[in-house]
Amino acid sequence: MIRHLLSGADLDADTATQILDTAAEMAAVSGREVKKLPALRGRTVVNLFYEDSTRTRISFEAAAKRLSADVINFSAKGSSVTKGESLKDTALTLQAMGADAVVVRHPASGAPHRLADWVDGSVVNAGDGTHEHPTQALLDAYTMRSRLGRLAGLSVAVVGDVLHSRVARSNVLLLATLGAKVTLVGPPTLIPVDIAPGTDVCYDLDAVLPSSDVVMMLRVQRERMNDSYFPSAREYARRYGLDGPRMRRLPEHAIVMHPGPMNRGMEITPEVADSSRSTIVEQVTNGVSVRMAVLYLLLGGNNR
Amino acid sequence: MNAYLIRNVSVLGAAPTDVLIRDGVVAETGPGLSAPDAGVVDADGLVALPGLVDLHTHLREPGREDAETVETGSRAAALGGYTAVCAMANTSPVADTAGVVEQVWRLGREAGLVDVQPIGAVTVGLAGERLAELGAMADSAARVRIFSDDGHCVADPRLMRRALEYVKAFDGIIAQHAEEPRLTEGAQMHEGEVSTRLGLTGWPAVAEEAIIARDVLLAEHVGSRLHVCHVSTAGSVEVLRQAKARGVRVTAEVTPHHLLLTDVRAETYDPVFKVNPPLRTATDIAALRAALVDGVIDIIATDHAPHAVEDKECEWAYARPGMLGLETALSIALDVLGPEWDLIAERMSRAPARIAGLTEHGHDPAPGAPANLTLVDPAARRVIEPAELASRSRNTPYARMTLPGRIVATFLRGEATVLDGKAIK
């Protein structure tokens, strides 16, 4: 097993599959009346969050607690080299406290990589800047696999602000590893100018829908609207929003995903978000199981 | 000691000979010289070059003496084979008045290890809004001739035009940091496949190329001298090639790091590789190397940019851009160009001295020339250890790399500043 989970690229197909399989076992535990396993008793997991993200933090917290780990929540919002303690000093502090795993959310891309150089414990990237969010990709893959029965050969459209999306980056890497075919869809201003060879790009959502097994809608940050990425929210919604008529162009079995939080009416309409194709609530549930699997395997459920 | 007899030295790669320097000048060259009063330097296997001249150095004093001082930067320069450096204006306070440039000039004289030629800011406080008192700096004891807002682009085209015109009165030159600021807001590294993968905001090549294209047209229009700092892209080389072919009075520099390192280095997120302009691609490196050989790029300049540990040991986005360069530049040039001594002398000494108007520098060691020279051991190979550098900072991107060449001795106006590879003071 790998020591840190910093990027979707850290996972080969065997490791990723092992995590998904373990998550399925964890999900079975979560369905029991007593949802707790003793696997990580006496181990310490620190949630180090430099950004507000209640949903990701509580998902990791629930995962660690169900494995009986001691959980410390360290909210360092607003910290930077100019304001307060440096990341390195924080790392040394966590090291001194004996953190076995550090789950880190940070506004700067690459911060988890830096942290991994400075602590002995495992580092789990819970979202860094516009870089990656690998546990989100794992829970998305888990959700696809449980709904559609497989990952290899699936056609997945990732739609929206790919340029700034850590969810998209991790999904592109992981889905390629697991044999799915990804198409990036969005206005050209929100697709990076240089992307790895072999990734498909399409600027026309309607053209992609009939052949998609999965449509993954990305959140569009409100601040993009004032920065000339597209003319207006209305135009964005018209061209790239998923509404009822568009949803009906999908194959019957296709599912609609969103990492949350949603802008209802912007990238997705309530009709779609609340439809039976939508996996949005399942994704949250699956997130806990997948994060249990990640912590369990990284912290040596079976390797130390 | 006011005389040194350098025995068996190869002047720019020629057959070994002796070089006698006395009273600040090269007194005599030829085999079998004798001078009983002179200190003898055994230079078997060493190559003599005119003392190197750096057109682009950040000495950080006044303001960030924790990162570098005029003295520590001068020592690093001498150890790198330099006899003159041009100190950039982005200090705190900014070198935008006669007072600050004279302070830096005086500190350089006091250190006495290299000639420190201050560069003046183009605009007050580097703010890009109104011209600094360029004439006062030109007339000061520091005799400033190069003006630059380096670190910032003089982005306003009208202000750039006025600056180019104004300095004609005293044969000045504007050294432009070419970066269209609206295209690089929040930029962290070269925009390309690697920045996409790393999720770091891209610094597109066009942001540099667009400003160079504009500025060569402005310089052509008003008949002024333009110098382009740290050219980093293949596209910039083409813009410069065309401008030079038309006879525009433009010169250009490239840094050692842009000749050697690519954007892939950012993969570690170690900000020691963060620099502005950013490390580019292998294609850019190939174009820059070719341009350096064919003369479209006139000089190698270090952009030596010391930074305190806390400004680099942090998240990439929060780190300051810049790398050390003075103590490794000649090694990189040797690595990139090979033992092309005349080309190295031209690109690292004669041409920068000409551009900067430093008449005492950039002369090959020949009778009558000022004794500003350096001795290189081309056969040596050394492992770069940050802790061993003379700079007060440690942010070298070449840590633990093995590089060719070692500076054995440096002479400034006939006085040794470096002997046996060690600084004299």
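Positions of Cβ are set from backbone N, Cα and C atoms, glycine also.
Per TrEMBL, domain 'Dihydroorotase catalytic' is recorded for B:47-234.
Taken residue by residue with DSSP, B:Asp150 (Zn(2+) 1 binding site) is part of neither helix nor strand, so it is coil. Annotated Zn(2+) 1 binding site per TrEMBL: B:His56, B:His58, B:Asp150, B:Asp303, in sequence order.
Reduced to three states, the DSSP call for B:Pro321 (substrate binding site) is coil. The annotation substrate binding site is assigned in TrEMBL to B:His58, B:Leu59, B:Arg60, B:Asn90, B:Asn276, B:His307, B:Pro321, B:Gly322.
Cβ neighbours within 10 Å of B:His230 (Zn(2+) 2 binding site), excluding its own Cβ and spanning all shown chains: 24. What TrEMBL records for B:Asp150, B:His177, B:His230 is Zn(2+) 2 binding site.
The secondary structure of B:Asp303 (Zn(2+) 1 binding site), as reduced to three states from DSSP, is coil rather than helix or strand. Taken from TrEMBL, the feature active site covers B:Asp303.
The 10 Å shell around the Cβ of B:Asp303 (Zn(2+) 1 binding site) contains 29 further Cβ atoms across the protein chains shown.
In the three-state DSSP classification, B:His177 (Zn(2+) 2 binding site) falls within coil. Fewest Cβ neighbours within 10 Å among the binding-site residues B:Pro321, B:Gly322: that distinction goes to B:Pro321. Cα of B:Asn90 (substrate binding site) to Cα of B:His177 (Zn(2+) 2 binding site): a distance of 12 Å. Cβ neighbours of B:His58 (Zn(2+) 1 binding site) (same chain, under 8 Å, six or more residues apart in sequence): B:Glu68, B:Gly73, B:Ala87, B:Met88, B:Asn90, B:Asp303, B:His304, B:Ala305, B:Pro306, B:Gly322. With the fewest other Cβ atoms inside 10 Å of its Cβ, the least crowded of the binding-site residues B:Asn90, B:Asn276 in this structure is B:Asn276. When averaged over the domain 'Dihydroorotase catalytic' (B:47-234), pLDDT in the model lands at 98.
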